[in-house]
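Chemist: Have a look at this one before I ask anything.
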Amino acid sequence: MTTPALLPLSGRRIPTLSPGASSFPHHRATLRLSEKFILLLILSAFITLCFGAFFFLPDNSKHKRFDLGLEDVLIPHIEPGKEGRHSSGEEEESLRDKIRADHERALQEAKEKLRKSKEELRAEIQTEKTKVVEDLKKKEGPKPLPPVPMPKVVGINDGDPGDPDVKEKRDKIREMMKHAWDSYRQYGWGHNELKPIAKKGHSTNIFGNSQMGATIVDALDSLYIMGLHDEFKDGQEWIEQNLDFSVVSIPMHTRFTAHEMNTVFKVKAVQLAEKLLPAFNTPTGIPWAMVNLKSGVGRNWGWASAGSSILAEFGTLHMEFVHLTYLTGNPAYYQKVMHIRKLLAKMDRPNGLYPNYLNPRTGRWGQHHTSVGGLGDSFYEYLLKAWLMSDKTDAEARKTYDDAIEAIERHLIRKSNGGLTFIGEWKNGHLERKMGHLTCFAGGMFALGADGSPGDKAGHYLQLGAEIAHTCHESYDRTVLKLGPEAFKFDSGLEAVAVRQNEKYYILRPEVIETYWYMWRFTHDPKYRQWGWEAAQAIDKYCRVSGGFSGVKDVYSSNPTYDDVQQSFFLAETLKYLYLLFSSDELLPLESWVFNTEAHPLPVLHLDVDGFSL
């Protein structure tokens, strides 16, 4: 009998305890809590598909503005007068009478039940179970959604770099993507991920051994961007026919160009979102890390500081939930994430820093551990990207980001004796001079947020992004395989080098290449393409096997062993960022698109008096 799996809520990636463990969900009973937070994985992909370059819905709805609290967010189909109603005194009294009557009826039913035999009770229980199952099946059927005016998408095709040498490199990345996908298609179809050495599917225990196709969901937009349309169609058909949130506890997201397919993905996105909402049913409104999609019961990771929720999970929902509100006209999604923001704004923060743990029952911080890497990373990323996605109108998000980055720079960012800029971790009043591979995304974040920085700091933050990119490149260049370790130290005479054996592995992570791409877009310095190509060659040489691509356990060994996992984020992020690095800036221009923490592009929502447009 299969036990219903728990679906983790989202976040970037959280460090793994073991290189052989899967990224799913992403992230980790094995501590890989954000490695593919299946939630963010599927949810953002479905939303991406619903909004992204791949659909064209008729723009025939009238636009109405709906005040969601901070800024006007354009919501096309909320009927006036449906929100903000308050019961009159008579209605409240009527409600009290109804509650009393229901209470009396429940007591009478309980007395009658106690008079029945065990056999009669078992029969009634079975009848009720059958009825519940039938009702659930009816509810799970696709519900028609109101038509949503879609933005006019730009920059979703081609991106030809022009230069034949650069184009050749881009074609190589496309070939690597096809090898990874074809291997998964042949050996792991429908499973979350692939074991490329054993040539079989790999589904993590946290999902109850279910086959939820996380790699399919995660890879779809990469396939489309790279022009692999036959492969995209195969994935889209699997999702339409097999991704059923009523059967098991599941991952989420994807997209397509046909009107009818758009409807399919919209419905699936909403079905999943509705199953995630019970995770917010806590005393504080801070969601649980995981929720059982069948029962709606949530819980947190046992290792997470006395049952705390994790900053990088509950703080990495804003982009997807805002788009869900636009998609459905239902303000509940937006309200959930805005409640989190407002609660955090009221809390004291030690040294202006956000600890990684927050207890959802008490609303108090857990262990005072602050990190821009695992456990914290994507919270800061989403503050900035909430501002960008709002067409730079969400001033509160921008100020919160600026204040957080100022505290991070004051307390966590240092220069090593050798002149390398790094971001350490704050633990109970002490700075640990260690930086994780996950933290390397921050170089791109600083560059992305440079424009709009307070005062005259735009140049400063672009330079800071370049320094982080250089440090992370050094962590690659100082290994035998020219691939970066999971974490690296800056003390005892060692710089940008892993010390512990369990930090020497590389599991196909994207963060360093992500920063190279952002730095290329903002500077066009050719070294970033050079560094990206070095990484691509190393991956192809040392991680490629006949059955796909595998992580390696020791980047300092000339004869490394494989971990036998092809992570879904390798197709969704690592290869996508490499492909974009060798494409022209016209492919997914940053003026029109914002990438979520799993590299799924969502459109900027331009709001103006004339309506919604891109």
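First residue shown is number 1, and so on along the chain.
Each residue, glycine too, has its Cβ placed from N, Cα and C.
TrEMBL labels come from automatic prediction, so no person has curated them.
OK, TrEMBL features for this one:
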| type | residues | note |
| --- | --- | --- |
| TRANSMEM | 37-57 | transmembrane segment |
| COILED | 96-131 | coiled coil |
| REGION | 138-165 | region 'Disordered' |
| DISULFID | Cys440-Cys472 | disulfide bond |
| BINDING | Thr597 | Ca(2+) binding site |
Chemist: What same-chain residues, at least 6 away in sequence, bring their CB to under 8 Å of the CB of Cys440 (disulfide bond)?
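Modeler: Residues satisfying the criterion: Ile468, Ala469, Cys472, Ser475, Gly484, Glu511, Val512, Glu514, Thr515.
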Chemist: Summarise the model confidence on the coiled coil (96-131) as a single mean pLDDT, whole number.
Modeler: 71
Chemist: Specify the count of other C-beta atoms within 10 Å of the C-beta of Cys472 (disulfide bond).
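Modeler: There are 28 such Cβ atoms around Cys472 (disulfide bond).
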